[in-house]
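According to TrEMBL:
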DOMAIN    20-112  domain 'Peptidase S9 prolyl oligopeptidase catalytic'
Amino acid sequence: NMPDYWSTSKNELMYRLVGERNITKEEQKKILKSHSPINYINQITKPLLIAHGKNDPRVIYNGSEKIAHELHNRNTPIAYILYDDEGHGLLKPANRYLFAAFREKFLSIYLGGKLEEFDFNENDIKNLNDKIIYGKKLLGLNNK
């Protein structure tokens, strides 16, 4: 789902992945599909934190949803946050700030280390309830 004007970057990406710059679109598709995490979902056994912008034109969020749903069904710890108001990357300061708190909480649980507790206000929670698809407890929101 890369725009045409990214063609130079796409060639560089293919070079980094497979050592070829000028390969056909069919060959590119085959290679990219073989590198997709969805093909390796059975190998994911460690806790995973996913944040995805619903309006991302390059990486469709359905792929993240499939992975999150499958891991949830297999009882693999998963925290999946879908930002309805973001695209490719988190650009809104409020989303970036809250995700930083979530990331710190998640990493402190699974990697250990210090954690600076974050106090969510009522507006934060109201706005987040429909964004956090899986993992509220993992993100410290189990009582909210």
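Keep in mind that glycine also has a Cβ here, set from the backbone N, Cα and C atoms.
What you see is a predicted model, and the numbers here were worked out from it, not measured in a lab.
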Using DSSP three-state counts, the residues of the domain 'Peptidase S9 prolyl oligopeptidase catalytic' (20-112) come to 49 helix, 14 strand, 30 coil
Averaging pLDDT over all residues of the domain 'Peptidase S9 prolyl oligopeptidase catalytic' (20-112) gives 89
